[in-house]
Amino acid sequence: MTARRLIVWRHGRTEWNATGRYQGQADIPLDELGQRQAAAAAKMIKDLEPTAIVASDLSRAAATAQALAAETGLTVVHDQRLREIHVGSWEGLTVDQAREVDPESVEAVAKGLDVRRSPTGELTSEVAARVAAAFSEIVERADDEAVVVATMHGLAGRVGIAEFLGIDHTALGGLRNCAWVILDRHPLGHWYIANYNLQAELSVPDDDRVA
């Protein structure tokens, strides 16, 4: 059995999103706007008739998922594989601050090269592999008519989608805070992007590259 739809939903805004700081796997909660974004988006995603919710265990994603759970009555299942890219010692730094301590790596990341975000961080390819593996397992264990929502993070979501579809992640734009992507399963079995970066009105322009 395989789900017919996978909705990848990025968490609402945090204070570190607003100030342009690398979050990685630091457990930063939603700010007040992020909470309102999650509530507004949840009302729209509810209309897509989700049958299951899976979420990263980091609080910003978990709280976003819980907004949908409150609308649908579904239970959130947490999966650590949906966590954001680990940025190591860059956590809490702005891009300019990270550039001061590790200019070559920051420049390489800006060019789309697969380098570690700080000496103790992850490679983009490592994140893509773990997230795509999670997506595959999630949809394969679901019923044929299931609509699964994976509530997670910007960069991890984008590169995971690309790996899952077998495309280059640089072909996809950044996922905005509380935006979602609809992936549908074609009758012939392959998956495709039906909609990308859908948002409720409260969402604000943002990019996932400062993860």
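Every residue number used here counts from 1 along the chain in the order it is shown.
Using the three backbone atoms N, Cα and C, a Cβ is placed for every residue, glycine included.
For the substrate site that TrEMBL gives as Arg10, His11, Gly12, Arg13, Thr14, Glu15, Trp16, Asn17, the extra residue drawn from Arg60, Arg81, Arg83 is Arg60. Reduced to three states, the DSSP call for Glu84 (active site, proton donor/acceptor) is coil. Secondary structure at Arg60 (substrate binding site), as computed by DSSP, is helix.
Residues Arg10, His11, Gly12, Arg13, Thr14, Glu15, Trp16, Asn17, Arg60 are recorded as binding substrate; their most distant pair of Cα atoms lies 15 Å apart. Arg60 (substrate binding site) sits 11 Å from Glu84 (active site, proton donor/acceptor), taking the CA atoms of both as reference points.
A straight line from the CA of Thr14 (substrate binding site) to the CA of Glu84 (active site, proton donor/acceptor) spans 14 Å.
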